Amino acid sequence: MVTVRAPATSANLGSGFDVFGLALARPADVVHVEKADETTITVEGIGSQYVPEDPRKNTVGAVAEALDAPASITIDKGVRPSSGLGSSAASAAGAAVALDALYGRETDPEELVRIAAKGEAVVSGEAHADNVAPAILGGFTIATPEGITSMETSLSLVACLPDIVVSTRDARAVVPSELSLDDLVGTVGAAATLTAGVARNDPELVGRGMADGVVTPTRAALIDGYDAVHAAATAAGATGVTVSGAGPAVLAVCQDGTTEAVASAMIDAFAEQGVDSHAYQTIVGQGAEVFV
Ligand SMILES: Nc1ncnc2c1ncn2[C@@H]1O[C@H](COP(=O)(O)OP(=O)(O)O)[C@@H](O)[C@H]1O
Ligand SMILES: N[C@@H](CCOP(=O)(O)O)C(=O)O
């Protein structure tokens with residue numbers, strides 16, 4: 001048996017829609033695999049009742065098929081489904097790394113990212129790699145059709161998950177299909193600023209580079225209390241706040257030493273809107289790790 005821990009991830013970071021991703025040190029899924037004649041899937045843990053065990057409907061089924069690596073797979077969900085924290089991607093990435101190790105394939109990690117992205121197509125209709133890339137490679141990743149760039153970085157983060165559900169498929173339907181030249185210039189400037197901030201471990205620059213007036217406002221409208229949570233996190237010391245992935249989680253990049261205050265400000269702001277939430281105080285983490 002091979003067991004892999006695969007982290008939650010936060011995609012987009014505002015200005016990097018479908019491109020940027022960050023691995024979170026916690027929460028994580030744990031994926032166990034054993035060789036079998038055909039693939040079967042068992043799902044346990046947080047929100048497991050919402051995750052199909054049919055291999056044609058679960059992200060890990062597509063990964064096992066793409067790798068031609070049939071297995072008995074057990075997923076222990078630590079990342080709540082439909083969270084905006086790359087729940088489906090954590091399982092897909094964990095399965096890709098675990099099955100590769102089980103069958104002794106030693107596949108290039110970038111190829112494993114492409115294989116795990118096929119799992120994402122099962123749930124969102126598109127093989128976007130912005131969650132599976134950091135879930136496999138760790139750190140900050142830039143996923144483009146030409147390839148994946150990954151960088152280590154050190155940032156303090158809060159990911160606040162409200163007790164509401166937003167499916168990635170639904171949240172993709174509200175994204176505008178066109179943007180103006182002014183918006184393009186603004187997005188390029190912000191994305192470049194964010195990348196410089198990541199390289200320098202600079203939360204101020206990263207926060208400034210998370211600004212986005214194109215995709216984020218359309219997703220924020222799906223999250224009850226988003227504006228109040230954004231304002232409260234900023235007042236408590238966050239340098240940048242945005243929708244995590246497709247939502248409903250909200251990601252805050254923080255000055256070191258402020259995550260406790262930011263987490264409690266975000267929880268209180270959601271509560272004032274009548275929404276329960278859980279806040280993960282975390283840092284940028286590693287990619288999927290084999291630990292048994
Ligand atoms: N292994 C899996 N883990 C989590 N969700 C999965 C998995 N396989 C399929 N799904 C389905 O994917 C959807 C959640 O994925 P998605 O909407 O992208 O949310 P998230 O932002 O948490 O990844 C749910 O409908 C869930 O049933
Ligand atoms: N780029 C995708 C990312 C979805 O992330 P998830 O964590 O919500 O699955 C998008 O924004 O649709």
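First residue shown is number 1, and so on along the chain.
The backbone N, Cα and C atoms fix where each Cβ goes, and this holds for glycine too.
Copied over from TrEMBL, here are the features:
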BINDING   ARG80, PRO81, SER82, SER83, GLY84, LEU85, GLY86, SER87, SER88, ALA89, ALA90  ATP binding site
DOMAIN    60-139  domain 'GHMP kinase N-terminal'
DOMAIN    197-270  domain 'GHMP kinase C-terminal'
With every protein chain in view, how many other Cβ atoms are within 10 Å of the Cβ of ARG80 (ATP binding site)?
21
As a test of the contact definition, list every same-chain residue at least 6 positions from GLY84 (ATP binding site) whose Cβ is closer than 8 Å to its Cβ.
SER10, LEU161, VAL166, THR168, VAL243, SER244, GLY245, ALA246, GLY247, PRO248, ALA249
Show which residues of the chain containing SER88 (ATP binding site), separated from it by at least 6 in sequence, have their CB under 8 Å from its CB.
THR59, PRO81, GLY119, GLU120, VAL122, VAL123, SER124, ASN131, THR168
Which residues, in sequence order, are found in the same chain with Cβ within 8 Å of the centroid defined by the Cβ atoms of ARG80, PRO81, SER82, SER83, GLY84, LEU85, GLY86, SER87, SER88, ALA89, ALA90 at the ATP site, excluding those residues themselves?
ALA8, VAL79, ASN131, GLY245
Using a 10 Å cut-off, grab the number of neighbouring Cβ atoms around the Cβ of GLY86 (ATP binding site), all chains included.
33
According to DSSP, which kind of secondary structure is SER82 (ATP binding site) found in, if we only use helix, strand and coil?
coil
Using a 6 Å cut-off on Cβ distance, which of the binding-site residues SER82, GLY84, ALA90 come close to any atom of ligand 1?
SER82, GLY84
Scan ARG80, SER82, GLY84, GLY86, ALA90 for binding-site residues whose C-beta lands under 6 Å from an atom of ligand 2 and note them, or write none.
GLY84, GLY86
Listed binding-site residues (SER82, ALA90), ranked by Cβ neighbours within 10 Å, top entry:
ALA90
